Amino acid sequence: MTVAVFFGCAFIAFGPAFALFIFTIAKDPLRVIILIAGAFFWLLSLLLSSLVWFIAVKASNADNASLQRGLLIFGVIFSVLLQEVFRFAYYRLLRKANEGLATISDEEASPISVQQMAYVAGLGFGIMSGAFSMINILSDSLGPGTVGIFGDSQYYFITSALMTMAMTLLHTFWGVVFFHGCEKGNWWVTATVVCLHLLVSCLSLLNPLYEGSLPPVYCVMVVMAVWAFFSSGGSLNNLAQLCTRRKTDVSTS
Amino acid sequence: MRRMGPEIPKWFMILSVCWLYKGVTCNSVEQKIYVALNNTVPCVRLLNATHQIGCQSLKSGSTGVLHVLQSEADLDWVLSTGPHPPYMVFMEASFFNNVTMMRLKNSTRVAGVAVVIPNTGPAQGYSPHTGCPNQNTGVYSEKYGPLLANCNNTVWNPLGNGLSYEDFRFPIFSLKDDNETEVIRKCFEDHNVAANGSAPQYPLCAMQLFSHMSAVIDTPTCMRRNHLQNSFSINPDMVCDPLRDYNVIAYLRPVNTSTKGHKANESVVIAATRLDGRSFFWDIAPAAEGTVAGFVTLLAAAHALFPVAQEVPPPRNILFTFFQGETFDYIGSSRMVYDMQNKKFEIDLDNVHSVLELGQVGLWNRQKLWMHSDPISRLNSSVEEEVGNLVNNIKFVASQMNLSVEEPSVSQALPPSSFQRFLRVRPVPGIVIADHEAAFVNRYYESIYDNAEYLNVAYPSNMSEAEQLDTVTDTARSLAEAATLVARSLYKQAGGSDPLLSNITADPKIVTQLLYGFLIQPNNSWFRALFRPDHQQVLKGVQSNYVGVRMPENAVKESTLLFQYILANLTGKATNLTQSQCQNPSDLPEESKDLYSYMWVKGPVSANETEGSPYCVRASTRLHEAYSPAFLLSDYASKEYSTWTESRWKVIKARIFLVASQELEMLTLGVGVAVLLVSLLVTYFMSSKAEILFSSARETSTTTY
């Protein structure tokens, strides 16, 4: 759909992730490493779940549409569960690494806190997930045509980009909440994260009924944003302090 | 499958599936957007010494909103009133005429044209060729018969609208009326038609045509660029190629081809015709009446003549020549005359006694054949005498056969024919036999409609191939009579004795098999038996008689090679040589590669076998290069010789899809930029205030966000 749509969708899908990377991750090499390793863990989970789906599809009858749809739903659920398993595995790995980092650093404690690692890991998952969702669609959006000749919706590119942005941010928030739950031993928190991930992925199965998939996903994203804010140390008090600090700055200057 | 979906398994899966196994249905995004059109034929660019003709698209394809032309009002929509230019015009063949195409050509709102071509042409006739074919390279000019030059006294092709020789700056593709065309029409009706003539809403159905041509301006420019590429580039990117192929020739009495120049005691009657045709679109040239009828008749004449003439040889030799590339300013015949003049051919012009050429003979239907001659050369009394002899010989044979063959009632020019190239150099006596007295009777001269149906060569569809090969059509019968006439006239002209003439008869069965092979299906059992065992796969589809370009440079066009094998089989002898002897006959004492060609052919295949019983055919045929002397002399702006070249291209394809409105695209870009800026601002803000925002549960205070 031409260059304008290409850049528009690229900015929508990857804008927040890019901003987060530039301002919070890029300056600290340790965070960059954790980000990339997180992306790699997500890739591993995708590889394994796709192998399973691929074998299932090859072993089944390609012409039976309802069977293929059923296999797709099974693939979705299996993949979500596998991603969360890998997220947990990454959590264990980072915990171990944290102890090592603490011993080799100049001060007593590790140079990076678990919350920061949680955020970076979540962002890593989100970026790789977004890349895999969106790059294929972006490359086709460069051509002159748009989706629709077979009756699909012409808003395909925009809704894909919006969905990708939501998923990237959601992965980030899930990372924070998940690690927080594992640290504190609140397994119900972890279970909720998994359930919400399943919910969001299954909502996307409703496409192209975009009204049924996008608004609920954005609602979930807002809820997760608030939850992540609170579990990483924010509070209403802090927000109030922010405003008063500003006011005092203004009044003193 | 209609979701962007749960990103994780689907995309990776589908891509890996798509890459590795094509059996599983792929639903990549590209397949949701584009519908590729596979059965299309483009119009390509040809260049000569001064001009470029044909069509070309933009480098990355020409895109336009589809519009189907059904009436004049639609033409106005495209040219002036439609709100979404440029338009890609989709039309039926009835609109593909001079008037409409000239209006479209001059408009900037047209991105391209797609034409649906049916199997039969419009009843009133249609010819995209010029009205006066090859007018600058024939014999008539300011200096020779100025009153006859440029078709001043007879317009040969009055139906010609000259579209093939126009230069279009947009692509023109032809489509067949099949499922793909239905898809296009449906797409148009679903998206591009609004109620009551108001503007249709986006998304609109659009078509993109790719046919970018590398060569521009004219032949000297493109040849210069070729040389630059060759000299300075490691990986030369040529831009054009000269049109070239080979003429096929056969001698009645073998002539030593290794010695060039004048041959003593050799007086040759040349029997000539052309092998090629063209149409508006690339590599489509059925040329049934224009070309195929002529060479089939001459093939049948050779087949009838050789047995008798080899038993009782006439005093003069007879050379059957089938010239290639005649449509494009006489490539083949000009090269042969050039070689004769420069002692590069095994005989020279002094050896040529007379010329008998077959023009278009397909539509004579046993009514009347006409003998055309050149009135200017006949002003010379000796030439007049020879031509008169030739005419009398033909009339004698015709009266014997009860056929009507006459000279035209008024003195007029020669029709476009290879014989004109001989006359340019020397006043050789000659006659061109054709089925038209003045203007062509061929209503579809050099067009896509000059096909088997026009020549009435048609078979009921329930016949098997063997039955179709055996059926003798009326056209075949009438062409066989013409062939008999030509063969007997040649024998008499060569000095053969009259009583033997009645032994020379063309076989209608051979004619009908030849017509079947060249007009309907070359991949038939008879052609397969006559051709090489290892090349059988080349016989596919209806033969195109377009001369084309050769890659690699000295290759022979497959259909020309097939033609040589057929000529060899019809005029030569089967020998007992083995395959290795056939390939190297010079070891054997009685065989000579200078006099004959030896060809290993597959042989007839009986019902139960797949392998034929191959044998070696010995015939006095050979291939003669039909490469314009202009390229030999590197005189690319030559006015004497043909300078036609064909451009090269990289991609030729067509596809349709929907396009979205500019507003939606800009909106997407705007939203994207807004999201990016907002997220940058918010992140910067949160990052700088992180100590305040995330103060309660921090473990260390050393690192900041």
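Yeah, the Cβs are placed from backbone N, Cα and C, and that goes for glycine too.
TrEMBL lists A:6-25, A:32-55, A:67-86, A:117-135, A:155-179, A:186-206, A:212-230 with the feature transmembrane segment.
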Note: vs the transmembrane segment (A:67-86), the recorded stretch with the largest number of Cβ pairs under 8 Å from A:6-25, A:117-135, A:186-206 is A:186-206
If one takes Cβ-Cβ under 8 Å and requires six or more residues beyond its ends, the residues near the transmembrane segment (A:186-206) are 72-73, 76-77, 79-81, 83-84, 88, 163, 166-167, 170, 174, 177-178, 180, 212-213, 216-217, 220, 224
Handout entry: Result, the transmembrane segment (A:6-25) in contact with the transmembrane segment (A:117-135) (3+ CB pairs under 8 Å)
Key = yes
Under 8 Å Cβ-Cβ from the transmembrane segment (A:212-230), and at least six residues away from its ends along the same chain, one finds 159, 162-163, 166-167, 169-170, 172-174, 176-177, 196, 199-200, 203-204, 206
